[in-house]
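**Student:** The structure follows.
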């Protein structure tokens, strides 16, 4: 920008950097679509000229005649198949039909045939249901057998999948088994006899200086020994070991082993109690004579 002492107009002219319309830009013809319009008009004119001369009508007649012939051939083939089906099936023939309710194939017998409508009435074997079917939709009797085999295979596969899922769930939840063992152990603890009374309790007044030197009672058995089933007992602790189950045939090896271990435990319990009682009596006599 010139900083001179002249008039203001020369300063404004010197400060202008760009003026529209004064120069020729390289991209001035970007929006010029004159050539495109001319090409479109030329194509439309040539199409109209060909249409007037009849060149396009001949080409258009050829594809029109082709689809008319194909449906005619298809209809003939369909009629041949339907006629063959009508000749094949007779009243009383065994067949297989698709029941409209569930879409499955069932064995059936043809009760009547309508040759005009090309339909028939079938009676499903073993069910007695009647249904109208197209003759062309009837299947051979072996189709029902094959369908039943596939259904049975699918049902067996579903059952095996369910049993596999149940076994996996039982393996993943061991807490339920431990809870069952604990509940059985708790119920059996109420049936165990009480610990033997100390010397002097129920046997007359206790004498000074006497001590019970007999073997202590055995500890309670582990919970897994108490998991076997035994019949219920009346209220109160039993004096003798409980009898074995009434129906031993219904028990497995684990239950039989549990019953045997319980019997051993109870036998040792009462044996220790008896030995302690005898030793207490013997020591009491010795101290009495001394």
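In case you wondered, yes, glycine gets a Cβ from its N, Cα and C as well.
Copying in the features that Swiss-Prot gives for the protein in this structure:
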MOD_RES   25  phosphoserine
MOD_RES   28  phosphoserine
CROSSLNK  48  SUMO2 cross-link
COMPBIAS  65-79  compositional bias 'Basic residues'
COMPBIAS  151-161  compositional bias 'Low complexity'
COMPBIAS  170-190  compositional bias 'Polar residues'
CROSSLNK  207  SUMO2 cross-link
REGION    276-290  region 'Required for interaction with SYNCRIP'
**Student:** What counts of helix, strand and coil residues does DSSP assign across the region 'Required for interaction with SYNCRIP' (276-290)?
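**Tutor:** Taking the region 'Required for interaction with SYNCRIP' (276-290) as a whole: 14 helix, 0 strand, 1 coil.
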**Student:** Would you report the average pLDDT that the model assigns to the region 'Required for interaction with SYNCRIP' (276-290)?
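**Tutor:** A mean pLDDT of 79 is what the predicted model shows over the region 'Required for interaction with SYNCRIP' (276-290).
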